[in-house]
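Peer 1: First, the structure itself, so that you have it in front of you.
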Amino acid sequence: MFDESKFDVNLKLWALRIPRELCKSASRILNGYMLNMPRIKPITEDPTCEKTRLVILSESVKNADLSEIPEEKLNQLKKLSELEVVPHSVTLGYSYWSADHLLKQILPDGLDIPSSFETIGHIAHLNLHDELLPFKDVIAKVIYDKNYPRIKTIVNKVGTISNEFRVPKFEVLAGENGMETEVKQYGARFKLDYGLVYWNSRLEHEHMRLSSLFKPGETVCDMFAGIGPFAIPAAQKGCFVYANDLNPDSVRYLKINAKFNKVDDLICVHNMDARKFFSHLMAVSTCEDNLQSVADNDKTKEAAVSRGGETNSSGEEIRESNASINEPLGANKKPSGTTKTENGVGKDCKSIEGHANKRLRQTLLPIAKPWEHIDHVIMNLPASALQFLDSFSNVIQKKYWKGPLPLIHCYCFIRASETTEFIIAEAETALKFHIEDPVFHKVRDVAPNKAMFCLSFRLPEACLKQEE
């Protein structure tokens, strides 16, 4: 691809041959006059004698008489040992130089050097601009060489995202072909196949920002859950999560990650269209039929569930009897230690705090009733989530609902030519009702004239389905 030797730079330097036991003292005297370059040791082995070492002098020392070094320091050195000045060469090769330095040498003048890339486990996603595509293989080789073994696969996006699952097409430019990897975020671990599911490492802080708004015992509905970057942290806080995604591969990895992070008893996984998903949660008769086996088994029984130990046998029977792609992983369990108030809304108790301590906790096994209360709804599909706000119109039945209506967290893109008022108008058009006290949070810039925002608001009571 290219000759690595062409990047070699040979430095002609001077060095002092010093007895090995005196090198430490000599280096103190020569402070400021020794070679000071990243990853190059100024004291090295002497190839001619095991009892001595070579103290490499800086490039500023040009002459063998060491005239650039103050006489006072030279006199101190002479008291330590007889001065023996020898020529020494240092070759800075391909392995020494940074990726940025090498690419500046390789790429034509005027092209922007790719200074960063997204890291997904062992995978580096370059996302090269069109003008860099003719040099994609060279760029990939340099980045691979300079980041291995932390990075084992280099990929680049091919074309635009056009499929319904928001998953780009990639080509592997260097390294292994394996696209399955593992990502860590704030105490959670996620397994995924980067070629099959959507993942954006740059949203890590947003995942935790939103999760920090949730309280233990709350119920969260994640309409575009992916592999669980919002659902898993929410469950780790002791929330009960209804998580949905249209992509079957995302759902498969969501289930894997729920179990991997030991929160599968707090996440109910669905694989369906987002509108149908929310309608399904609000359909009283359908949910009652699905959960009848739980009700018949024991409506109020408490089971002590150990994090890594045995589970109650009846709980296992419930888990098996309700297992399907549109059923909860954990047999429709409600949040750990949740108690009911007079209005039926779940409140915190100490057993939920125990969930975070990863020890023993108490888990209630009553019928889950999402049509009665949900605290938060997450809509992380910024390209089209606003259009899905019609999912909430005339679906929640007023006669069954208890407590405040949910907070909606809807992600969207706002271009430089657009205003928040324009986005509110678009949201109200889809919702068909006025939104009170909307809050915008800027997540990140995605392009020079385009930013990602989170619009949060309380669902208007006008959206409720009135009693007939």
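Start at 1 and count along the chain as shown; that gives each residue its number.
Glycine too: its Cβ is placed from the backbone N, Cα and C atoms.
The model shown is predicted, which means the values in this text are computed figures rather than measured ones.
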Peer 1: Of His207, His373, which one shares the S-adenosyl-L-methionine site with Asp245, Leu246, Asp273, Ala274, Asn380 in Swiss-Prot?
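Peer 2: Candidate listed by Swiss-Prot for the same site: His207.
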Peer 1: Taking the Cβ of Asp245 (S-adenosyl-L-methionine binding site) as the centre, count every other Cβ atom within 10 Å, in any protein chain shown.
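Peer 2: Asp245 (S-adenosyl-L-methionine binding site) is surrounded by 29 other Cβ atoms within 10 Å.
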Peer 1: If you count Cβ atoms within 10 Å of the Cβ of His207 (S-adenosyl-L-methionine binding site), leaving out that atom itself, what do you get?
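Peer 2: A count of 21.
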